[in-house]
Each structure stands twice: as C-alpha cells, then as structure tokens.
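First up is the structure itself, then whatever we jot down about it.
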Amino acid sequence: MLRLANRVSRKDSGNLGIAQLKKRLLATSGVSQGEILSKYPIGLNMHGYVIEQVQPIPEFSLVAVKLKHSRTGSEHLHLDTPNDKNNVFSVAFKTNAPDATGVPHILEHTTLCGSFKYPVRDPFFKMLNRSLSNFMNAMTGHDYTYYPFATTNAKDFENLMDVYLSSVFEPLLTHESFMQEGWRLENSDLSDPKSPIIFKGVVYNEMKGQYSNSAYYYWIKFQEAIYGSLNNSGGNPNEITDLRYEDLVDFHSSNYHPSNAKTFTYGNIELVNHLNKLNEFFESFGSRGIRTNVRKPITELNPNYESDVTVKGPLDTMSSRPIEEQYKSSITWVIGNPLDESKLYDVFKWKVLSSLLCDGHNSPFYQELIEKEYGEDFAVNYGLDATTALLSFTIGLNNLSLEKAKNLEDKVRGIFVEKIIPELQKGKESGFNDRIEAILHQIELNFKNHKPEFGIGLLSSVVSTWVNGLNPVKSLQIDHILNRFKEDYKLNGLKMFQDLLDESVLKDDTPKFKFTMEPDESFGKNLTSQETERLNKKIEALTEEDKEIIYKRSIELAEKQKKEEDVSALPTLTVKDIPREGDFYPLDFADINSKKLQKRIVDTNGLIYMNATKDISYLPSKYYEYLPLFDCCLTNLAGTSKTPITELEIKIQKLTGGVTFNVSAKTDPFDISKTNMKFMLSGMALKDKSQNVYDLWFEILTQTKFDSEDEQVVDKLFTLVKNLGQNQMNTIADSGHSYANSYSNSQLTPTKYIHNLIGGIGQVSFISDLNRKLETEGRDFLKKELLPVLKDIQRHLVNGFTDGNHSGFEYSLVGDSESVIKNEKMIKEFDDLLTANSNRVAGTNELSSLISQFNSNKLGLNNNGRSTLIDLPFQVGYASLAKLGAAYTSKDGAALRVLSQLLTFKHLHSVIREANGAYGGGLSFDGLGGCLNFYSYRDPNPLTSVQSFKDSTSVALGKMINSENNGWSPKDLQEAKLTIFQGVDAPSHISSQGSLDFLEHITDEMRQERRERFLDVTYEDLKNVTEKYLLNGSQDIVTVIGDNETLKIDSSDAQWNIKKLTA
C-alpha cells in the first residue's frame, strides 16, 4: 500500500501542486445541475443520513452533497456527476500515530487480511482478481488512513464497497496477520529449528526499503524534528519491532469506528444506493464523541523549541561529490495553518508565490542557488508544504559543504532582500507579471484537461484536511478563490506578494526552523549493527520454550500461507461481465505532403492534442545513450538562437499546455526480434492557441543552441548534467524491480537492450560517467566532447531520413472537427517549413546493423548463463528473472498474460510476500515488448526469491496437470482474465485515443483479436506456453539489486557477475 506525504512538489510547477483540483469533466450529459440540486433538499433524511450542505461546483461540472449519519455522526461527501461512470468510494479515518512503531500503517495492512463476513486470508488481494476495478488501494498519511477504489462497473462497485466496509469495521485482526504484515521473529530456515532467528514482516521490510532512500530519510527526519507530535505513522524499523499485537487491536478499537470515519462517493451511481449500504453497516454502532485531535507542530507546542537541528544521514555512493560536500540543509518558515477555513485564499496565494519563486529557470532561487552552484539540487522538502496544521515554506539544498550549510539562511535571506523584493517593487515593469499570466493559463488548461482518475484526484485533494476538521466542500470551490485572486491581482498587482513576504518570511518573529543532515560514511553499517543489536537483545530474552513457540508459530504460519482456501464467500464478477466486443474510437486518415495524418474527432472541451513521430533508424547507435539528455536539453538548456530559456519557458506556459520531445524504441508487434526508433513530439493547447505549438516545435527543434563557445550554454549544460546525476540512488531504491527487469531484459531483445541504455541501469551508469568526467575535466569536457555530440544529434534528428523518399514526420490530432480542420493546415505549414529548412543527412540504417549484431550475440551481452548482482547499499533487495516471450500478435501472447496473472495471484504472492516478507512480487508479461519478468520488490531475501522464480515452472505444470486435485480451477482461470481486463478496459485519457495505432502500429482489428484470445484462453493453452516458454524457452536471465555486504556473494563465484555502481 502507498504511504503519503501531503506536500506541494516543485515538480508540479505549472499547476501549483493542486492539479488534482483543477480538472473539469466534459459536460456531455443532458442532466442540468438544477435537476441534480432538486434531488437534495437541505434537511432531507436519506437512510439514516441528513443532508447538511449542497453546493454546485460548476468548475468541475458536479454537485457536492455533504451529509451526516444521525446515529454515529459519520460524515459523507458525495460528488454527483452524471458525466463520469468511473465511480469512486473511500472510507477514511483520523489515525494519530501514538509512537513510531508504525501501528497505523500495519493496521492498514492487517485490516485487509480477512473479516468476519469474508474470513479469507487476504480478501483485498483476492478481490484484485475478482473485479474490474481500475484503482484499488489503501494508504497511510501522517495522521489519517484511507481505503479508496474506482470502477466503471456498478455491480463491481457494490461488491468492493461491501468488502471494504467489512474489512475496516469488522476485521479478524488475527495474530498470524500481525506477524505476516507487521513483524515477527522467525528461523531463517524453516526446516531447521536450530537455524538463526531473524526479523521478518511485510511492513518491516517495506520501511527498511524506505529508509534506504536518502531523500525519504531526510524528509521523515525533518518531519520528526519540526512536527514530532505526529510521530512516524509508517514506522521506523528500529521501533516497529517494539509493537505488540495487543497494541494493534487496541488502536483499531479506538480509531476504526463510524464516528471517526469520513466516507466518500463520486460518479453517476445514485447516492441513495451508497447510503443504504453504509447505513446497514453503521446502524449496529453507537455514537462516540468526535475527536479531531489535531496535533500541533513544535513551533506551537514549545515557545523555546530547538530551531537548529542536525542529524546524521546516508551518503549517496553514486554522487561524484566528496563526502564533505554531501550535506543537506534547509531553512523553513512557518506561515500559517492550512486547516483555517478563513485562510484558504492566503494558502492559494502562497501556492502561486511559491511557484513564482521556486519553479523553473526563471525562478530566483533556481538562478541564485542552482545555476550559481551554491548547491547541486533542491532538497526534497523544498517549496510549499501543507502537513496537518502546519503550512510552511522551505528552501533546502543537497550537496553542500559544511560552510555553505551553516550560511544557508543568510544566503536565502540575501536573495529575498536583494533580488525578490526589488523585482516585486517594479510593479507592472516586473518580469514576474508574465510568469503570473503563465501560471493562470496553466490553471485554465487544467480545468479543461479531462483525466480518467478525476474522482480519485478530488478525493486525494480533500481527505487530509477533511479528517482534521476542514469542510471538504470549501476545499473544492476553486473558481471562487481563483476569481478573487484575479480581482486582487488586477487591483494590487505584485504588491499582494510583497505583503505576504513582509508578514511572514521577512518578519523577525516568524517561527523558523533549520534542519541539516550530516553525511555519515558508516551510516549503513550502523543501521545494520542496530538491527543486529535489537535482534540479539530479543533472542537473549528468549527461553528454549520461547524458541520452540516461535518455530511452531512460523511453521503454522507457513502452512496457512500455503493452504488453499475456500474463497467462495467473496463476491465476484465473471467473464460474462466482460463485453466480447471492445470499445474502439473511430479514426480518420489523410495525407500531409505524402505523410500520414491520423485524426480522432471528439469533443475535448476546447483543447487540441497534437503528436508527431519520425522513424530515426538511421541515427548512429553510438548516440543512443545521449538521447535522454538531448531531449532534456531541448527545453532546459539555454534556449534557442531566437529566444533565451527564461523567455522560452514563459512562452511555453503562457501559450500552450506544454510541448515535449522524446525518443523511444518500439518493438515490432509481429516479431520481437525487430525494433524501430522513434523521435516523438507532443503538444497540447487551447484550440485558439494551437498555432503556438507548431511554432515552438519548429523553433526548438531547429534553433536550440548547442554552441561550445557560448558560455551560457556551457553553464546551463553543467547544471543540467549535475541535476540529472542527483538522486539516482533514490530512483533505484523506489523502483528497483523495474531497473532489475530492464537489465535482465536487455539481454533478450534489441528493443529492451535500447531501453536499458536510455532508461535503465545503462543510463544510470552513463549519467554517472558524465558526472565523473565533469569532476575530472571540468567544463572543457562539455565544450570538447559533449556539446559536439548533442549538436550532431540535433543535425541528424532534424535533417536525417531513413529512405530516399525523404520521409519525415507523421502526425496525429485529437480534437473537435473545427479544430482538427484548422490544425491540418497548420501541420502542412509546419511540415513545409521543416522541409525547406533542412539539409538532408545521408544516413544508413544503423538500427538494422545493431539488431543484426544483437541477434548474433556480437554486442558482448551474453553472460554465459551467469547471474548479475548490481551492488548498491540498500537494506532490502530487488530480484528479477527474465525469459523471452511472444509477439503482440501471437496467440501465445494472450496465454502468457493469463499465465502471469495465475502465477502471481495463485502462487508467487504467497511465497514472495507472505512467506518471504518482500513488499511485492510476481510475474509480468509485457505484451508489447514480448518479455516475461519474475520480480520481487523490497525483498529481504532476493536470492530466495530467485529460487522461487525457478521453481514456478514445475508449480504451474503441476497445477495444470492436477486440475482435478488441488490444481487451478476454472474459477481461477476466470479471475486471471478479470485481472487482465482491469487494464484493457480501464478509462483512458482522451488524448491517448488512437495512440496505439499511431505509436505502436496496433490496429483496432489486432486489439479485438487479442481481446478475444484473452477471453478464450484454455488450460491447454496455458500448459503449452508453460512448456514452450518457461520449461523449454530461453535461458534464465537473473538480475539482483542489493547490498553484497548482506547477500555475501563471493566475487570469485563463476555463477555471478558483480557490477558495482559508483560515481
């Protein structure tokens, strides 16, 4: 399950961190808001609930209805929209953590391990393959826990709502579930009662994985220092092992009661249906006093709080910086309380101001701190943050020297006084005004840009403040706040922001807080030593009888995990609920200068989406690993010969919804040994501003500056390469299974080989190499080596062609009929201009040569059957075993996808997560890429998981051979198919309609054929593909990411290739 930090990220630059509040649904229904309002008179009693507030939210095309359950006091929020069939439900609880043992987090897991109505071991995971939901989760925040799902199927909604309510209000909370999901002592070898006793548990290992992420570690230690009263709800691994089972049961009894519950529904299902179900559950409960119990930050609890805190933290072993320059430090100002309803407008102004000061190339803090190399990157807590009752503004940096860390506050104050205030005082002459206009334009676009997860987004935007007493309806009324802001800005201009700063950051008595993390070379070893010490203390306190009990309980738990359960009590959909005919979008086609134009005519609420793609098989393969950097440079370097980057950034934000450039390798849907390279352009705009996208495409493509003699270009590239090198360790820690899979797959197909180069461990190594050269050779490396390569890539991508027909870009449009007609003319003008300004580069088909070398094993990839360990200092590991599968159009592809679901839910979930203690694991089949991937995530024993992967073939064959006796049943097969169709039939973004045809060359006919194959897969098909691909297929390609200090693989072991990633 996910853990949340409620903060406004600097990555949300265009939308101020409230993107999920700014999406308008398409008004396609004939039902007016007046008709909806008439259904909900104030004071009406509906199944034990009384309507307290009804509010139209026209910016979102919905009506908000707030109700209270008369008997228990539970609040319910319903968002009625006839336009969206993707219905959402959630139940949330206020759950203040009493300590750092992780009791709210572990309870979140264990509630989903069986209930009185559904007494099966893990109804949550079992419902994942008995449903057509497109979202199911449970999440723990700082002081709240919530359980949301989304589905387009009304019967499915009813089933899931029943399971969720039973799970949270009447869970079994068995001791076995606590041991499995929380923590336990267990013999390392269950066949040997004398084997060493170790710690195990899903949440325990999840949080060990979190603590391996240095950004998370900095963030959580910062939170503990400034807001210690909240405690660490996720759990500190050092303290999780102090949690008692009785504490878990007591915490549930105290907090999981309707009086402490906030329930939420969204969509087009009638409210009365939801209330009837809720009332059935709640009528057996009495009323409790509602205790919001909002905890306070340290600045309010203690007038003499410690305002300058330093703690020790981990090194970034992949950083090129010396240890003494790996300090992290931040200065934080407390600027308000986000729970104060009267201050909602001030919070919005702060979001705008934070974006103005912190986001993008134009922001003063980026220019003064990053570009001028005071620090290399912003700290994770940088920007505006709203955590419970604390609204704060933080400037923080990574990779500082001790002296710079000590002087950070003076440096930041100097930027405020010498740069920001003078700029604000310029009034209408300030460049800030253009940026304000750009920010407002992005808000307007986000109102219009329809996303399929709209309901989940609205829920996520209100739940953290709602559980703490803020009226959620007020939080949704964005139009009112936005209009007030526009009037205020029109009247007062930039003075409104100067006033904000004068009243807070620049005011001497404003509470502030400095937090620094000192790099500790022995940090990882100390964590390991602390764990060993804790374990030894617990073992020393055990009697021989205790050890016997531990062994017996572990055996019993293992047997229960293996035991086949009767899950007939759980509700389920069937394959009959899946339409045999898929939903397809009509596409039109035309020619533009003999190049294909694909058109999807649909109402897009005043927006137009455009894409272009070009075959770049001619590009020299030596340039592939440079391509992500090149893509990044197009919108992040010094700009173009016509427009500097500061102006270009504003132009993009003021005139469009964004323009992007990227390169990708695509697998041939008929043959996985074939691939093609595509250069893709994307854009989105209001339909009356669409010409700007083509103008920007052309200018950026043809005029981006890569001049070695231009010092601004060199400086920008220096900063960019440094930024890309930051936090690579954290990225791998968060998605280690993806990196392990990518590395394994790179030895199977040419497409996956390229993917690893441009987005996997190969790219991580490449960026590390660039940073190492930057440290040793300085800017000369950029001038003499890197910039000439980037310039040559630009020349090839703009001017090069695959064949003598001078074929270039193909195009696609998604928009209403009028907009598409106008854009056809714009595309022709763009294409003519591009052709007229290009000088053809004669190119060979380099990609064909690479494919040939790959398929004949001439790229040096064959490890001769050896497994690979990517040695990184993580507390937990990630394992991958890859095998070659089948092409998209192969009949085998459908059977392999079904097989992957069966093995995941009917075998691997039990052995990898429940028994081995990993956070997750399974088997996936990439239908487009053709690779099978066994994987584990945040795994304490990745080598054990690898063996489990290898054993899975015999398990699968045994289940199919013994289908009459302890084998896989027709119901199991049905559930596997249901799981697949959760993704196949999930709502899609309107801009992606037709994208499979355009980008992957997968037609509606191919999709329909594959759909029917999914539905028609038999056990005979599964047996055939198991034998063909798992038993007799390609050799096993194994990759493990983890710490060899723990794994202890001998470097001389001929079965292993150990790869150490360092700067």
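Residue numbering: from 1, along the chain as shown.
The backbone N, Cα and C atoms fix where each Cβ goes, and this holds for glycine too.
These figures come from a predicted structure and were not determined experimentally.
Record check, Swiss-Prot: Zn(2+) site residues include His105, His109, and the candidate from Glu206, Glu224, Glu239, Glu246 also listed there is Glu206. Rounded to a whole value, the Cα-Cα separation of Glu181 (active site) and His105 (Zn(2+) binding site) is 10 Å. The Cβ of Glu206 (Zn(2+) binding site) has 28 other Cβ atoms within 10 Å, all protein chains considered. Between the candidate binding-site residues, His105, His109, the densest Cβ environment within 10 Å is the one around His105.
DSSP gives His109 (Zn(2+) binding site) a helix state.
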